[in-house]
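I have placed the structure first, in the form of structure tokens, so that the comments after it can refer back to it.
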Amino acid sequence: MSKLVLKGGSRPPWQLTVLGVANDIGESVGLLPGLACNRFPPWAVLLVGAVCCFVGYGAIWLAVSRTVPNLPYWLLWLTHCIATNSNAWFGTAVLVTNMRNFPLSRGTVAGILKGYVGLSAAVYTVIYSMVLRKSALDLVLFLAIGIPILCLALMYFVRPCTPASTEDPSERNHFLFTQAACVLLAVFLVSTTILDATTTPSNAVAYTLVAIMVVLLMSPLAVPIKMTICSVKTKKLGPRVDSTEPLASGESDSSQIEPLLTPSSSATNLGSFYENDESSDVETLLAVGEGAIHKKKRKPKRGEDFKLREAVIKADFWLLWFLYFLGVGPGITVLNNLSQIGISLGVNDTTLLLALFSFCNFVGRLGSGVISEHFVRSRMIPRSLWMMFALMLMSVAFLLYASAHTVTLYVATGLMGISYGVLYAMMVPLASEIFGLKNFGVIFNFMQLGNPIGAVLFSVLLASTLYDNEAAKQGSITCIGQECFRVTFFVLSGVAGLGSILCIILTVRLRPVYQMLYAGGSFRLPQNSGH
């Protein structure tokens, strides 16, 4: 959110770049929210996020409005971290809760949630341009007050529920409706952004467009409203008595209907996996009870619930971490420097570039969730394969950037947005499928550390340093020409290529795991340790 208020100002370019890194650190350092998700209800985690949002953006507003003049740079940097760390609390609470609520549709859920996150920048841009009339001060005040109020109003509705143990056709229809609403919102936002960039809409038109945007944003609420109405009607009709209900008590006992709902955490199901092995040998159990032998705790297998300390000693964990780091690091470098990239290549108004990146980022997030979910169910193909394609696409995009043509600039930006979105959306279900949902919040946020580390290494130490050197040669603080980022593009193309190689290795390793997890066409817990 803070990237919208970092434009301009009298600070040196390197300070603005480091403030951008503060945003990345705040958004991605979510180990505390991950731990909190296992100990507190979602509303409590969201409440902490609301407090961070109010305190962080409130302090930024005090600095920008000169209410507190001459705020030290280190304190401004810290307030950016606190402000954007609210995203980690918001995102972790919502993502972890919904992944546990819908464990059979992880790719779809991740695609939808990450898709809406990808559209959030465009939503704030519309509010900034059409409601706040491009007032950065009012935007910061909206973030400091408006977002916490929205969170307090809606946080009660983010809560865990007992997920279905089998496929539910109505659930699939609800997901399709939400995806359609998300796509419609994305098209509307791109159209509105282009309209605002090319014309000057009147107040009436602007407010009408914003109202339509709000309606599209709220349209997924039709699903729970419809389910609530149907549930009330069902209760009024009373329970239906099946005419074939058995009369004899013995028959009734033998045909007792099993509950369709099971607890959300996969940990509750793990107890029966090895029940036969533990109960078949009475003598072994007696020996354990008498202390004659010591029974070792069985280590979790891939697909079961891992603790973080158990996950970090696995090769798959670090393969996933490094390939994610080698993808999002270069991606965040482009995102942080997209305006400078455009200006250096002769595109002074980068609004369309940003809109193109945002839309393609959304397409990558939502599309990869849908496609990967289809192929993981029908062909048992690991989701890491789509991350491999995304990294290859990213490598090509950097070469197109290096060619320094206006047309290839737009093509490369579109490809970069798609690949960046795929990496973000695929890491979420992939981590949950390998290491389970019980400690998913901590493991997911540990993976997210690749974002700020990549921003420091590739955006600050590489791109910013080379850019400043080229600008110094031109005797200006603004660099113009293809040499500003050429070396950076070639290096990042190689980095993305290396990440695709790691993806191939991880895909080969995970193929038997996915064959076991999705053997029945839907996610199921492992039944043996033969992997």
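Cβ atoms here come from the backbone N, Cα and C positions, even for glycine.
Per TrEMBL, the features are:
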COMPBIAS  251-264  compositional bias 'Polar residues'
DOMAIN    15-225  domain 'Nodulin-like'
DOMAIN    313-514  domain 'NFD4 C-terminal'
REGION    239-264  region 'Disordered'
TRANSMEM  43-62  transmembrane segment
TRANSMEM  74-96  transmembrane segment
TRANSMEM  108-127  transmembrane segment
TRANSMEM  139-158  transmembrane segment
TRANSMEM  179-198  transmembrane segment
TRANSMEM  204-225  transmembrane segment
TRANSMEM  317-335  transmembrane segment
TRANSMEM  341-364  transmembrane segment
TRANSMEM  385-403  transmembrane segment
TRANSMEM  409-430  transmembrane segment
TRANSMEM  442-467  transmembrane segment
TRANSMEM  487-508  transmembrane segment
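Contact check: the transmembrane segment (74-96) against the transmembrane segment (179-198) gives fewer than three Cβ pairs closer than 8 Å, residues 6 or more apart, which falls short of the contact criterion. At the 8 Å Cβ threshold, with sequence separation of at least 6, the transmembrane segment (317-335) comes into contact with the transmembrane segment (409-430) through 3 or more pairs. Model confidence over the domain 'Nodulin-like' (15-225) stands at 91, taken as the mean pLDDT rounded to a whole number.
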